[in-house]
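Read the structure below first, then the notes.
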Amino acid sequence: MPQIIEAGLSAQGKKFGIIAARFNDFITERLVGGALDALTRSGAADGDITLLKVPGAFEIPLAAKKMAMTGKFDAIICLGAVIRGATNHYDYVCAEVSKGIACVSLDHGLPVMFGILTTESIEQAIERAGTKAGNKGFDTALAAIEMANLMTVMGEA
């Protein structure tokens, strides 16, 4: 039987950074609320959570890199909403933000979680920010907690 390594969902004693885009703030504020709810329900203290606001999703990877470089965080949660418009702008932003977040995570060996909604419409974004399709900010924070704990477990294995 293979060795199975899993981690729990306790945020107690862990430090979390949240980076949230202000663009489409009527969506991102709901994502932030969901993330904060997940973290506090899981035992994170208010003093263990840092919220950083950036202008838009495109700025998130640089902010995540700077946050990761401090060495103060066990996980970083990136939240934003990119909604398709009439031009190619959506495609470029989505591609670069996802690559940038992945690079920060790999370069720093740190869970940097992708909680960026990439939707075809405002309605889809609203659904994923706390209505029909749950709250992806909450889901992303739970994944961040699990990954932060997994990094600890793997460091001890």
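Here the Cβ of each residue, glycine as well, is placed from N, Cα and C on the backbone.
Swiss-Prot has this to say about the protein:
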type	residues	note
ACT_SITE	H89	active site, proton donor
BINDING	F23, A57, F58, E59, A81, V82, I83, F114	5-amino-6-(D-ribitylamino)uracil binding site
BINDING	A86, T87, R128	(2S)-2-hydroxy-3-oxobutyl phosphate binding site
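Distance from the CA of H89 (active site, proton donor) to the CA of A57 (5-amino-6-(D-ribitylamino)uracil binding site) is 12 Å. With respect to R128 ((2S)-2-hydroxy-3-oxobutyl phosphate binding site), the closest of these binding-site residues in Cα terms is A81, chosen from F23, F58, A81, V82, F114. The binding-site residues examined here are A57, V82, I83, A86; by Cβ neighbour count within 10 Å, the least packed of them is A86. For E59 (5-amino-6-(D-ribitylamino)uracil binding site), the same-chain residues lying six or more positions away in sequence with a CB closer than 8 A to its CB are A21. Counting only the Cα atoms, the space from I83 (5-amino-6-(D-ribitylamino)uracil binding site) to H89 (active site, proton donor) is about 10 angstrom. When the Cα positions of F23, A57, F58, E59, A81, V82, I83, F114 are compared pair by pair, the longest gap among these 5-amino-6-(D-ribitylamino)uracil-binding residues is 16 Å. Take the recorded positions H89, R128: by the count of other Cβ atoms within 10 Å of each Cβ, the lowest one is H89.
There are 18 other CB atoms within 10 A of the CB of F114 (5-amino-6-(D-ribitylamino)uracil binding site), with all protein chains counted. Candidate recorded positions: A86, T87, H89. Nearest to F58 (5-amino-6-(D-ribitylamino)uracil binding site) by Cα distance: H89.
H89 (active site, proton donor) sits 19 Å from F114 (5-amino-6-(D-ribitylamino)uracil binding site), taking the CA atoms of both as reference points. Separating the Cα atoms of F23 (5-amino-6-(D-ribitylamino)uracil binding site) and T87 ((2S)-2-hydroxy-3-oxobutyl phosphate binding site) is a whole-number distance of 17 Å. Classification of F58 (5-amino-6-(D-ribitylamino)uracil binding site) by DSSP places it within a helix.
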